[in-house]
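Enquirer: My questions will all concern the structure given below.
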Amino acid sequence: MRRPGRPSAPGWPRHGRQPARRPWPMPACANTRPEEASIADIDTRGTTRMPETEPPARASATACRVRPIQGDAAALSRAHRLPLVSRIACGTVLGGVWAAGYFGIAWHVAPVADLTTALDTAIPFVGWTVWVYLAGLPWIVAPLAVVREPGLFRRAACAYAVAIGTGFLCFTTLQTEAPALRAQSVPDGLGCTTAWALRTLHRADAPVNLLPSLHVTLAWLAAWALARQHRRWRHACYAVAAAVTASVCLVKQHTVLDTLAGLLLAWLCIRVTIPGRRRAFA
């Protein structure tokens, strides 16, 4: 039997008391949950009082932040990568310009100076370093496959272009030769494969276009670009560039002055193409 005068609202209890109201929902990161309220937190009217606690700390609010989805971040990074086709096209253009200019100058510009010093004669000829020298060729083009960040690739391409253009200008204005170095690099006593590699190198590369050594310059530019792309491998990249630098003297392809000029040109190219203070081999 319902008491007269009582509203017949649905859900109204028959004993006449108002049901306990549910507290406002707490965030998932809060330290206190409604079901953990003690008996002392229930007042005389049957409602549950919220514990008088301090607001959650900043760390709790930070923990409630939504973390980005890893898949979306990976997709975003892939969207900002430079396509392989664009990198190959840029490398093909630079390689074609280098080949045309390097061999064209070697055939048409007569040597005017010989910069061989006593230090070059004192440096011993180490035949097996021809493999280190030849390994510098794929090392120079390695940024085409590894460097994917568009800004870094553009800066590296500009540095390559400046180095090649400056080298051609030096080859045209001051063509040098080093016949004494070529006389020291004889394949006698070397293995069959190493001797064949050395003779092939001598046939393909005449002892001209020496100052500066573009082999050294481009090797260090490649090391710089690869180290910027993968910083954890930067020491290994610079070690490879240093090995290539040593090989040009040990295999008697360049003089010490050519090597120093190549290092200076690499440093200048980085200074010119990198804006602000984000320069050098860091």
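Each residue, glycine too, has its Cβ placed from N, Cα and C.
Below, the features straight out of TrEMBL:
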| type | residues | note |
| --- | --- | --- |
| DOMAIN | 124-270 | domain 'Inositolphosphotransferase Aur1/Ipt1' |
| REGION | 1-61 | region 'Disordered' |
| TRANSMEM | 88-110 | transmembrane segment |
| TRANSMEM | 122-145 | transmembrane segment |
| TRANSMEM | 157-174 | transmembrane segment |
| TRANSMEM | 210-227 | transmembrane segment |
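So where do these features actually land, and what's packed around them?
Expert: Sequence-distant contacts of the transmembrane segment (122-145) (same chain, at least 6 residues past either end, Cβ-Cβ under 8 Å): 84, 87-88, 90-91, 95, 153, 156, 184-187, 189-190, 194-195, 197-198, 201, 215, 218-219, 222, 225-226, 229, 240-241, 243-244, 246-253, 256.
Within the same chain, residues 90, 94, 97-98, 101-102, 105-106, 109, 112-113, 208-209, 211-212, 214, 217-218, 221, 224-225, 261, 265-266, 268-270, 272-273 sit at least 6 positions outside the transmembrane segment (157-174) and bring their C-beta atoms closer than 8 Å to a C-beta of that stretch.
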